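According to TrEMBL:
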- 15-41: transmembrane segment (TRANSMEM)
- 53-73: transmembrane segment (TRANSMEM)
- 93-114: transmembrane segment (TRANSMEM)
- 135-157: transmembrane segment (TRANSMEM)
- 193-214: transmembrane segment (TRANSMEM)
- 240-261: transmembrane segment (TRANSMEM)
Amino acid sequence: SPQQSNVTTYGDATLAIISLEAFAGMWINAFMVCVLCIGWVNKKTLNSNEKILLLLGCSRFWYLCFSWIHGFLSTIYPDFLLAHSILQLLQGAYSFSNCSNLWFSACLCVFYCIKIANFRNSFFIYLKVKIDRMVPWLLLGSGIFSLIIGILVYNTIDIALCKNLNFTCQGRLWDTTIRIEEHFYPLFFLTGFLYSTSFMAVIFSAVFLLFSLWRHKCKMQTNSMNSLSMDAHIKAMKSVLSFFIMYSINFMCLILTLIYATKYQNQVIFCVNLIQHAYPGVHSLVLIFSNPKLEMTLLRIPSCVMSKVCMR
């Protein structure tokens with residue numbers, strides 16, 4: 001029918017756009033992970049910043065991978081999702097990688113704040129001294145929390161399926177006739193709480209860091225210090241502000257996903273999916289250009305490709 005044809009065309013167009021964003025983001029994060037791993041092998045060690053970037057790149061790669069697989073199956077082979085444990089595994093892995101992405105991003109912002117900001121508070125000075133030892137524990141804690149969320153999502157969907165709920169793969173994962181609050185609302189609340197906690201960590205870190213950098217910038221202007229140092233602090237302020245804006249937009253999309261997950265709001269879900277699939281690649285690209293080593297390696301790729309083409 002014409003209505004089914006429109007739905008199919010809409011789904012195919014959505015899948016095509018999301019595929020472009022997902023594969024571009026996977027390539028960018030895979031590049032970041034490969035460069036860091038090569039440096040790890042050569043130097044036999046990683047600093048705290050590189051540890052966070054490595055795990056962040058891995059989590060974003062798998063987040064985009066699982067998200068694309070789910071979108072592909074939902075559009076092309078929807079019946080395949082009804083096979084035993086396929087939907088549970090995909091949603092559990094997706095939730096784990098998504099939460100890992102958010103928490104590792106929050107850890108990165110907190111790390112930058114403690115490392116760069118300059119406050120005379122004794123507790124802040126203690127954190128600045130101990131932050132390198134704390135980073136592995138922060139990453140481990142973030143991974144454990146994300147794993148718990150992934151397991152809860154798996155178990156919740158598994159219980160819902162075992163109770164013979166009227167699931168459908170057309171548009172949403174379940175029908176509106178299901179008593180969703182019985183199975184999914186507690187999980188939505190917990191997920192929203194963890195999203196909000198990581199977002200609050202980003203807000204406080206960004207505000208403290210921007211205040212510290214702004215105060216230091218004013219002090220340098222007063223003391224007529226060199227312009228190179230001023231430019232470095234202005235660049236740092238712009239980087240933190242851009243990260244905060246992108247994380248805020250992504251957080252709003254996550255909340256909208258929780259709100260509209262059980263409703264047939266195709267336009268809202270379409271816009272949210274576009275932003276969510278673009279964020280991991282765009283922000284990782286910003287992180288690459290903020291790191292001289294990664295930036296130099298990335299800019300070296302086109303010249304290497306051109307030289308090989310010329311040799312042929």
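Quick reminder: no glycine exception, Cβ is built from N, Cα and C everywhere.
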Give residue numbers and ranges for long-range contacts of the transmembrane segment (15-41): same chain, 6 or more residues beyond its ends, CB-CB under 8 A.
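50, 53-54, 57-58, 60-61, 64-65, 67-68, 71-72, 75-76, 273-274, 277-278, 280-282, 284-285, 287-288, 293-294, 297-298.
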Using a Cβ-Cβ cut-off of under 8 Å, list the residues of the same chain that are 6+ residues beyond the ends of the transmembrane segment (193-214) and lie near it.
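Result: 99, 102-103, 105-106, 109-110, 112-113, 116-119, 145, 149, 233, 236-237, 240-241, 243-244, 247-248, 251, 254-255.
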Restricting to the same chain and to residues at least six past its boundaries, which positions have a Cβ under 8 Å from a Cβ of the transmembrane segment (240-261)?
102, 105, 109, 112, 172, 184, 188, 191-192, 195, 199, 202-203, 206, 209-210, 213, 268-269, 272, 275-276, 279, 282-283, 286
